[in-house]
Amino acid sequence: MSELNLVKKGEKNSQNLVPIKTLISFGMGSLGNNIICAFIGTYLTVYLTDSFGIGAVAVGTLFLIARIIDAITDPIMGMIVDNTKSKMGKSRPYLLFVPIFMGIATIMCFSSPNLSYNGKIVWIYISYILWGICFTAMDTPYWSLSANITQSSQGRTKIVTSARTIAFGGSLVVSMFTLPLVAKFGSWTLVAIIYSITAAICTWITVWGVKEINTDRKPEKQGFKQLKELFKTNKPLRILLVSMLMLEVTYALRNGFSIYYIKYNFNAEVYIPIVTGISMVSGMAGGLCTPFITQKLGKRATALFGIGINALGFMSIFALSYSSLPTLLVINTIMGLAEGAANISLASMVADCVEYGEWKTGKRSEGMIFSSNIFKTKLASAIGGALCGYVLAFVGYKANVAQTVETLKGIHLMYSIVPGIIAILSIISLRRYNLNEEEYEAILEDLKNGETLANK
């Protein structure tokens, strides 16, 4: 990139400033989003198999079918956001009304209508597919908003740090209080209602407290042709999505099998909130440290280090087997710290790909970029969820009874060595990422001067 202009350091420092109100307000949306996502991601499978009475294979197939539909709806939502023009900007209008439908879909997923077995399958398929569509309609504009608060690379790291750190609070609430609340109320549906109302309020705080830049900018028409061009020209984005897909599959596997692992392998169901809660707290701590680490190491190196620690953690769990719950707690704490740093670095790198794509093509496509990122997240969740369902069926899992040795071994492998290998593959992919902070700042300077590769 020798043809790029260098940005002045004084300008860089002034751009890094993001008001505290903005950081907190934006983070509240992530808090609400994560409450719902953690609830669905951690507890839906076990609710469907152990409470709703759906077979593990049917659950796994559900996740795959829903993602096939997402392959169509996700890019469409990205295009809708990119083509939006309003006084509130591109993103915030959708955050006003979508949380209502998201809440309805979440409640449906955890409702138990008195239906036949086939009727239950139809009910949950409709409910979960609707939930996936609503998730896209909320998460795409939310994360697109992060690219329209500031164009500073370090400023974005602070924004993402705030969002991801506060989001860990949502995961912590879900991991610590879901099972006690279900036991107290005797109802998954009531817990879903509580979480849905809380999530909607959090999202509306984001709408109130965050302002978009470039709201007067005329949106450029975006379609499937532009989507194809985006992936063809944006190599950093392609590399990131592949690496993050594999990393998030490891998260999905750990989340999907964690309840089964603690409940059956350790015979310690009462400790499920503690094990998952410790991971959330340490993840929050790791996230808070990320801006300081990235200033020293850079985003790519921070992400690689975090994923590497995670891979070692999974291998350690495999070697440990299920002999010591305290040791598992220590390993999960260390992995949580690493996850927090890696997740925030990677999310900030995705936002940087917006300007890279604009510089390469002359078109700004934050909606399509973040909808692609969301599809990646849902695809990872689907792969993890499907594997969870299929493997449980393959190893002979039967709900709410003592498991066989073969079943326990299968759960152990899927909680340890399998995600560990996938994490290593994520590292191999991310090593090819080459958009560093200096190059990004130079791209920003070119864009300020109206220069892109498309018009050079």
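Glycine is no exception: its Cβ is also placed from the backbone N, Cα and C atoms.
According to TrEMBL, the protein carries these features:
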type	residues	note
TRANSMEM	20-46	transmembrane segment
DOMAIN	22-434	domain 'Major facilitator superfamily (MFS) profile'
TRANSMEM	52-73	transmembrane segment
TRANSMEM	94-115	transmembrane segment
TRANSMEM	121-138	transmembrane segment
TRANSMEM	159-182	transmembrane segment
TRANSMEM	188-210	transmembrane segment
TRANSMEM	239-262	transmembrane segment
TRANSMEM	268-289	transmembrane segment
TRANSMEM	301-322	transmembrane segment
TRANSMEM	379-399	transmembrane segment
TRANSMEM	411-430	transmembrane segment
Contacting positions for the transmembrane segment (159-182) when only residues 6+ beyond its ends and CB under 8 Å are counted: 18, 22-24, 26-35, 37-39, 42-43, 146, 149-150, 188, 190-191, 194-195, 272-273, 276-277, 279-281, 283-284, 287-288, 290-291, 340, 343-344, 347-348, 351
Beyond the flanks of the transmembrane segment (301-322) by 6 or more, those residues with Cβ under 8 Å of it: 247, 250, 261, 265-266, 286, 290, 293-294, 328, 331-332, 334-335, 337-343, 345-346, 349, 408, 412-413, 415-417, 419-420, 423-424, 426-427, 430-431
Cβ contacts under 8 Å made by the transmembrane segment (411-430) with residues that lie 6+ beyond its boundaries: 239-240, 242-244, 246-247, 249-250, 253-254, 257-258, 260-261, 264-265, 300, 303-304, 307-308, 310-311, 313-315, 317-318, 321-322, 387-388, 391-392, 395, 397, 403
Proximity verdict for the transmembrane segment (239-262) and the transmembrane segment (94-115), three or more C-beta pairs under 8 Å: no
Beyond the flanks of the transmembrane segment (94-115) by 6 or more, those residues with Cβ under 8 Å of it: 29, 32, 36, 39-40, 44, 47, 51-52, 81, 122-124, 126-128, 130-131, 133-135, 137-138, 140-142, 145, 188-189, 191-193, 195-197, 199-200, 203-204, 206-207
Selection from 20-46, 121-138, 188-210, the stretch that has most Cβ pairs under 8 A to the transmembrane segment (52-73): 121-138
